[in-house]
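Features as listed in TrEMBL:
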- 1-63: domain 'Ion transport' (DOMAIN)
- 31-55: transmembrane segment (TRANSMEM)
- 298-325: transmembrane segment (TRANSMEM)
- 306-586: domain 'Ion transport' (DOMAIN)
- 345-363: transmembrane segment (TRANSMEM)
- 375-397: transmembrane segment (TRANSMEM)
- 442-461: transmembrane segment (TRANSMEM)
- 556-582: transmembrane segment (TRANSMEM)
- 636-901: domain 'Ion transport' (DOMAIN)
- 638-657: transmembrane segment (TRANSMEM)
- 669-689: transmembrane segment (TRANSMEM)
- 709-729: transmembrane segment (TRANSMEM)
- 741-758: transmembrane segment (TRANSMEM)
- 779-803: transmembrane segment (TRANSMEM)
- 867-890: transmembrane segment (TRANSMEM)
Amino acid sequence: MAMFQIITQEGWTDFVVEVLRMIDDRMVPFVAIYFVAYHLFVTLIVLSLFVAVILDNLEMDEEMKKVKQLKTKEATTWMRTTLPWRLRIFEKFPTRPQMVALKRVDSEFPVPKVRDSFTNQFVMECEDVYDEPEELGNRKILLKSTEPLLRRRSRILTRHVGQLTIKASIQGLIRSSFNQTNKAMLTALRTKPMTFYDQMTENGDLSRPLETSSKKDLKQGEIDVRALQQKRQLAEMTRNRIEEDLRENHPYFDRPLFAIGRDSTVRKYCQKIVYARYDPSHKGSNGSKTISRRYKQIHALIGLMPYLDWAMVIITMISCASMLFESPWPTTGENLVMFNGYLQIADYIFVLSMTFELAVKILSDGLLFTPNAVVKDVGGVMTLFIYITSLIYLLTMPKHVEINSWAQLLMLCRAMRPLRIYTLVPHIRRVVVELFRGFKEIILVTILMIIVMFVFASFGVQTVGGRLAACNDLTIKSRENCTGTFWQKIFVTRLEVYGKNDDNIHPKILVPRVWMNPRNFNFDHVGNAMLALFETLSYKGWNVIRDILWARHGPWAVVFIHTYVFIGSMIGITLFVGVVVANYTENRGTALLTVDQRRWHDLKARLKMAQPLHIPPKPSESARLRIRLYELTMSKPFNQIFAFLVVLNSATLLVPWNVEEENEIKSALYVITSISAIINILFAIEILLKMVAFTITGFWQSRRNRIDLLITAMGLFWVVTHFFVALPAQIVGQENSLKKFTYTFGFIVVILRFFTIAGRNNTLKMLMLTVVMSMFRSFFIIIAMFLLVLFYAYAGVILFGMVKYGQAVSKHVNFRTGSEALVVLFRSVTGEDWNDIMHDCMKSAPFCYWKPGNNYWETDCGNHYGAIIYFCSFYLIITYIVRNLLVAIIMENFSLFYSSEEDALLSYADIRNFQLVWNMVDIEQKGVIPVRRVKFLLRLLKGRLEVDPNKDRLLFKHMCYEMEKLHNGDDVSFHDAL
């Protein structure tokens, strides 16, 4: 039982401490090492094997992956052929096609109306030339709808109808774009086959694609990618044709609010406001040359959303920051938004800004029954819900809010404001969509866990239900005798102090006898039993249940809770984690990749992450001193020596660096700081050697060298300040304030120096890259999790802001303000005492002060059912789902960095070889080289990237030609060549 408890990590430290107190002092180190080793082994290895085995069982074989890919692509193609229900509703109404009348001349017979789409096939656009009506001549037939157009324009450009006019128009576009008059070039353009348009029919539809290879030629499991692409094109064209038919046959289709015209000036201006965004492509004024800019990621981030959405994100963040200052404390309500005018400013700004945003978007794209409507998915519904609830709250601003009232529910709806950012940022929206795509499997696993809990809860109700209550006076065994008062001993420490458990000395307090259930759980009915078992899933409180069952019903009852912990927590929760990880990777597509596809995916990721070395090339032969220093600083033993010095420097922190410790071990602390000072001087010598070998300009090109220079300069400053200023000042008899500063500054320098060890070892560098890349790739998941926690924090302030202190809720753990609630929730994410906090927040009358008509900030009660829903949903969503998404991303990056070199298409050694060759060719260290140097780069490559000009002459010429064509003869970047 004790070893099983250590596996669950619940209260295992208390158990180990009690064991260490009972054994001989000479055996304490060995027993401590034994328990720590066992804990690390079972928690880091054995429990991880559960996850590995379950993920391995959830892994699909190669054939199943290919079938799944095919089904996914076919499902996507089918979805593109169908319109959403809000647009298909127009098919239920009778068609009313748009008709235009033809103007007839006198003495001619009447001409019937024709479809507007039919006339648009022949009249597309006109040149801007003004003509008088009388100059139009005696034209036989004129379109009445185009007569105003002809009054301003004279030359009409006809629209292509058949195959020949398509070819002629495209050739004309090519001639006009290149502005060429060379007859040979025009002849080549005329005679060039146009395969795509040859498959077009007279009405513009695609004919059946030519079957170049029969299905029998495909191997088993292979996918005809070209056929899928053609199906996708046909599906898109089919959907566009359906939309055009609806647009022609239904005059109110694609008209915002059924009132704004499709080509209305107001709508066009609104569309400009809605879709205006920053262009991160960095193209020049002529659009031909790409402008080189620094911080491309920042430019791409700015261009991620339109300006209007960016403005709303900023305004929403300001409003959320204002809500952090709202607090029900003090009970006068002066820090609540309804009584504080300063806090209302952000609410007014948010509602007014969102009113403008929605008005512009509705006038631009419509509300519901338009192709790009504002309310076209769940995100649009949530946006409208947040706006309506915020508007209602701002207009009503209730000043009397009771617990469980409609006003409190309205405040909870207002707390959803941070989730507005979900619908604005496309990457966060994509994370939520990818998560909800696999919710079917997650719900099935949840149902399975509920069934398991129900079975064990029913067993617990039948066996120990109603029999766990006892008297708080342990000397009383029957309910009839549990009356009166008794003296309860008070324990303030676990140490064996003088007088502990002595009836005459030990402090006591007089308390009444009460017959009651255990504080946090009971099995009186199935609801309470399932709540207790849900808490046990997180390994919280199960040892308390075990101890009480043992004490009141004997050892046989312990088997019940141990079996449930093993099945529910160790297997069930691990299965839940595996399903979350597998579904997320499958919805992202990475789980469906075959071995070859995965290798290609990893190769693209490796090439994208590869960067130039920023190391100057080897000096010329004439500079012999620099050559020797260059070889010395680049050698492996040199880096190993200084990596050892980094570890030795960090080992000096084993002794605390402070003035108080100096009084006890003055000589030892002086020796340790002297060793650290010598090491800092050695690092300064390393910097000088590299500056001589690389030159100052070459040294400064590397970011790692700049960081080393900064930390070394800080170390030298500490050496001078501590040994030449602070120590002599102490000898003279001045205060120790300067020495306190030097000790603090000194260990900060040592800590910063320790982080540089990752750049001196390849394995540590790969591990650090895994962490960094995981942080970048999970950036939007972290943001989404923070916004969800922020919503829960605001809701916690409204529900439990005035809960009185108890076993877990205290002055450090409470929901008085939004910031304090954030701290509590982030603590609950780790699973630390979240169930105790929940039970403190469940307090209701008569265990707290409450009377009818009180506002929620005038009572110290919580919310019984609200606390159960709040904490259980928070722990399920954040801990069991969102946190495991981070595990999925880390596992993806782990496979990227730690895949075997033989299994990869391109090893890290090959990429390192390319970096070294690039470093030799890029003499100026600009990150780009002229096109003429590409041939030298290709000749110097070795390994898998080697291109032999003699054996692969045609390939060599083709690669050089591609590099010249890439940027029209301009410079080639590192990634272009790679």
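Glycine is no exception: its Cβ is also placed from the backbone N, Cα and C atoms.
What TrEMBL says about a protein is an automatic prediction, not a curated fact.
Per DSSP, the domain 'Ion transport' (1-63) is made up of 54 helix, 0 strand, 9 coil. Between the transmembrane segment (31-55) and the transmembrane segment (375-397) there are fewer than 3 Cβ pairs closer than 8 Å, counting only pairs 6 or more residues apart in sequence, which means the two stretches are not in contact. Tertiary neighbourhood of the transmembrane segment (442-461): same-chain residues 523-526, 529-530, 533-534, 537, 560, 563-564, 567-568, 572-573, 575-576, 579-580, 583, 881, selected by CB-CB distance under 8 Å and a gap of 6+ residues from either end. Averaged over the domain 'Ion transport' (306-586), the predicted model has a pLDDT of 89.
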